[in-house]
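Taken straight from Swiss-Prot:
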BINDING   Ala75, Thr76, Asn156, Gln184, Ser204, Ala205, His206, Thr244  pyridoxal 5'-phosphate binding site
MOD_RES   Lys207  N6-(pyridoxal phosphate)lysine
ACT_SITE  Cys329  active site, cysteine persulfide intermediate
BINDING   Cys329  [2Fe-2S] cluster binding site
Amino acid sequence: MKRPIYLDYAATTPVDPQVAERMMECLTFDGTFGNAASRSHAYGWQAEEKVEYAREQVANLIKADPREIVWTSGATESDNLALKGVAQFYASKGKHIITSKIEHKAVLDPCRELEEQGFEITYLEPEPQTGLITPEMVKAALRPDTILVSLMMVNNEIGTVTDVAAIGELTRANKTFFHVDAAQAAGKVDIDLSTMKIDLMSFSAHKIYGPKGIGALYVRRSPRVRLKAQIHGGGHERGMRSGTLATHQIVGMGEAFELAGKTMHAEQERIRKLRDKLWNGLQDLEQVFLNGHPTQNVANYLNVSFNFVEGESLMMSLKDAAVSSGSACTSATLEPSYVLRALGLSDELAHSSIRFSFGKYTTEEDIDHVLTITKAAVEKLRELSPLWDMYKEGIDLSTVEWAEH
């Protein structure tokens, strides 16, 4: 069976063969299989050495101190630790938190949990259509009792980039902690934590050709950020995250981050051309809309709404392409994407969206093929749509009164 063209890199990426090779060296008796917390023999020392080297590799990509990297099981855990950890530790200083309506569920759900614990959350509305959360919005929402602002650097559905450097200046001036979810940003945009005033940052390995099940939380040392641990046990990771370290996964994450640093700029340039080619081609169709900011974005995403076409039907028609409607974390529900709804899209347009996301194995031939089959599928589905016929006849659908069955 021929495999479909993979255009869902925002959901996950395959492990780079070089990363897999490094990981394999840490699994069997011949390799570095020891427990990094075993301080009394060489097996433990060797594992610890690999873990600390990987910590340096991750820190180097984001220009941080290796001692500021805390290993977790992924960005979801990192987000939970950052939000609940800071909120619970500093609750006596204030109970107000700012986030936005278009964050990942790994931020929104902990916020709901904190609301139940008595915290007050302000959910910022993004700019219509572009999805930008601006420094001005944050400035207007900051209060003396705001202890934390949590915003993503790159949105996982539309690829819009938030100006976290400018927002960091505002939060630092207000003596407010700033957490950034950078799961979709690492390896795609430059991150310099030696200059950015960001206190906590979440990462995941599987978004940049590393393994699933491993991530990290950057926790600033100066000015110091303290957290209330959410997982208790052996006191690993300076007490912030207990649990035996998975050496092979950590080594994989370190290797993936190092490789990303070497290829990032050239790869963004290459992918930008592919994205533009697909978007330019899709605009041959009528009633096609770009979701997200036209320029302030990363090249890896193209989120498009095809009016008068149901996104689920379109996905089913694109058997040769692996794409998603909404994000993979919420695509189990048939609800329209809450991110696109927050951008002001109608239910119909939100339902008709497809997210194409590109990566290092995407070729120009892939784009040509996907463009051809997408155009054909949209045209075929519109032929079946009575709404499309009405639109073509010049009927304003917003004025139509639908009879109840």
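Residue numbers in this text run from 1 along the chain shown.
Keep in mind that glycine also has a Cβ here, set from the backbone N, Cα and C atoms.
The structure, with features from Swiss-Prot marked on it.
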residue	record	contacts (Cβ under 8 Å, 6+ apart)
Ala75	pyridoxal 5'-phosphate binding site	His104, Ala106, Asp181, Ala183, Ser202, Phe203, Ser204, Lys207, Gly215
Thr76	pyridoxal 5'-phosphate binding site	Ala106, Gly215
Gln184	pyridoxal 5'-phosphate binding site	Ala10, Met152, Met153, Val154, Asn155, Asn156, Gly159, Lys207, Val298, Asn300
Ala205	pyridoxal 5'-phosphate binding site	Gly74, Pro211, Lys212, Ile214, Gly215, Gln249, Gly252, Met253, Ala256, Phe257
His206	pyridoxal 5'-phosphate binding site	Thr12, Thr13, Gly74, Lys212, Gly213, Ile214
Thr244	pyridoxal 5'-phosphate binding site	Asn35, Ala36, Ala37, Gly234, His236
Inset, instruction - Measure from the Cβ of Lys207 (N6-(pyridoxal phosphate)lysine) and count the other Cβ atoms within 10 Å, all protein chains considered. - result: 29
Inset, instruction - Kindly assign Ser204 (pyridoxal 5'-phosphate binding site) to one of the three DSSP-derived states: helix, strand or coil. - result: strand
Inset, instruction - Would you give the longest CA-CA distance, in whole angstrom, between residues of Ala75, Thr76, Asn156, Gln184, Ser204, Ala205, His206, Thr244, the set recorded as binding pyridoxal 5'-phosphate? - result: 30
Inset, instruction - For Thr76 (pyridoxal 5'-phosphate binding site), just give me the three-state DSSP call. - result: helix
